Amino acid sequence: MEAAVIENLHDICKSIEIENKKYDKHCELIAVSKTKPNSLIEAAYSAGHRAFGENYAQELQRKAAELPSDIQWHYIGHLQKSNINKIIKIPNLFCIHTIDSVEITADIVKRIPKERESPINVMIQVNTSLETSKSGVSTNEEAIEIAKYILSCEKLNLFGFMTIGHPLKPEEGFVKLVETKETVCASLKLDPRLLKLSMGMSGDYKEAIQHGSDYVRVGSSIFGARDYSKK
Ligand SMILES: *Cc1c(COP(=O)(O)O)cnc(C)c1O
């Protein structure tokens, strides 16, 4: 298992490098380790990888406590008031990708530990496919409102925008996310070069890089299919 993870990681990194060269990009890889044991994360870590993504607050809290402190954790799961405390206390939490309301943002700010020195990077999740099963804002107006609020919070750093592509037509969502970012930047007079895009997963990361992704979130192609029954 561990050897396979290292090999898969190597293959994905190579593939991302090829796409980056093609489109003159610097897209980075977040290895999505949800439901996977520490041993597999440690395998990727031993191969030099540091950015990992998790969806479940309690699982992330446990793994962050057990694994090396120079891992950069990305929280990519749904945010609820009840799970904010678990996430926000992790000292090496690098970024929350799933902000979708002013209310949840205000709740995060309230709970950030006093001892935390650096602002927390946050991304606004956009529901580009408008599937009801997915979280995220559905209009540019909402994205502007939340971005404005985040910019007013000293403890937060507006890091960018995130989306989950539609399984059948992911590229439409990627185009929409680029458009949302441009609209927010124009409206709030922000430099678009300073804001990132988090889009692309195992099935569509190459298309995402083509459309300008800065962070692809790849899970199953590295760690294998997930078995939720064993979680
Ligand atoms: C699980 C998950 C991923 C990784 O999906 P794979 O298809 O396994 O690569 C990426 N982003 C989010 C938000 C996820 O929940």
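Note that Cβ sites are derived from N, Cα and C of the backbone, with glycine treated the same way.
Here the structure is a predicted model, which means the values were calculated and not measured.
Copied over from TrEMBL, here are the features:
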DOMAIN    21-226  domain 'Alanine racemase N-terminal'
MOD_RES   K34  N6-(pyridoxal phosphate)lysine
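Using a 10 Å radius centred on the Cβ of K34 (N6-(pyridoxal phosphate)lysine) and all shown protein chains, the other Cβ atoms total 19. In three-state terms derived from DSSP, K34 (N6-(pyridoxal phosphate)lysine) belongs to neither a helical nor a strand segment and is classed as coil. If you average pLDDT over the domain 'Alanine racemase N-terminal' (21-226) in this model, you get 96.
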